[in-house]
Amino acid sequence: MPTGDFDSKPSWADQVEEEGEDDKCVTSELLKGIPLATGDTSLEPELLPGAPLPPPKEVINGNIKTVTEYRIDEDGKKFKIVRTFRIETRKASKAVARRKNWKKFGNSEFDPPGPNVATTTVSDDVSMTFITSKEDLNCQEEEDPMNKLKGQKIVSCRICKGDHWTTRCPYKDTLGPMQKELAEQLGLSTGEKEKLPGELEPVQATQNKTGKYVPPSLRDGASRRGESMQPNRRADDNATIRVTNLSEDTRETDLQELFRPFGSISRIYLAKDKTTGQSKGFAFISFHRREDAARAIAGVSGFGYDHLILNVEWAKPSTN
């Protein structure tokens, strides 16, 4: 028959709780008197609650600078920031060193030494390499064969002999009918129409291939007399015409292209304003033959050019 006195064994859960309490007691006993990893278990006076924040500190030891700052986070807790810098000494020119000692002004008046990101932009360093003339000659680039073709005249207009296509000639509507009418009057064939009388043939300057010195008496044209000494210089006045009602934008080249189909031109004089350099509205054209000048008067007088009607007549001979 069971009695009230019996040995009750502790349960497994009770044994676990007792072992945990014993472990906590042992751990707390072992940690007493053992310093932390920092060497000091107490808070610094600057980090105590209620103490004011000290100013930043800078300690320079050789080429190592240590900056210590104290701040307060969002939760109101104080914390310390320690930054370590390595000081490097760089050599600079006198002008750069002098500029660094200038007093700051404006928004950077109270900034510490050094650039401020808000007001200063530090660009990348640009390295320059200086070479001598000998190295420059050795590094010359190869000549482009296309550059040689730039100076050559590949396309030639049949009307004004310009460097453009005939269909795009700006004088197609003015000089074209005049050349056609002149060719019909002279009775030229189709092949000869391209070379009307008076057109200037391209003259290429003869170059001395040997490179030797040639005296003036043996050069080309040495046997010819000067223009002022020619006896037929007076005849130019008889083959000179006067053109009026020209626009202000007219140039000698325009007159050359306009009157060249009628014959060989000896000289052109365009009256210009000394201040503006624009045309005064009249010009003198001298031909080598009087017949060419007569054809020019008949062909151009009353002709519309640059929105104006040209008036061409014989020029009065000079009294000199």
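In case you wondered, yes, glycine gets a Cβ from its N, Cα and C as well.
Swiss-Prot lists 1-25 (among others) with the feature region 'Disordered'.
Here Swiss-Prot flags Ser8 (among others) as phosphoserine.
According to Swiss-Prot, the phosphoserine annotation covers Ser11 (among others), on the basis of similarity to another entry.
Sequence annotations record features per position, and here Swiss-Prot assigns phosphothreonine to Thr38 (among others) based on similarity to another entry.
Under the heading phosphothreonine, Swiss-Prot lists Thr41 (among others), citing similarity to another entry as support.
Feature annotation from Swiss-Prot assigns phosphoserine to Ser42 (among others).
Sequence annotations record features per position, and here Swiss-Prot assigns phosphoserine to Ser189 (among others).
Residues or ranges marked as region 'Disordered' in Swiss-Prot: 209-234 (among others).
For 221-234, the entry in Swiss-Prot reads compositional bias 'Basic and acidic residues'.
The phosphoserine annotation in Swiss-Prot covers Ser223 (among others) and rests on similarity to another entry.
The domain 'RRM' annotation in Swiss-Prot covers 239-317. Here the domain 'RRM' (239-317) returns a mean pLDDT of 89 for the predicted model.
The feature phosphoserine is assigned by Swiss-Prot to Ser264 (among others). Every protein chain considered, the tally of other Cβ atoms within 10 Å of the Cβ of Ser264 (phosphoserine) stands at 14.
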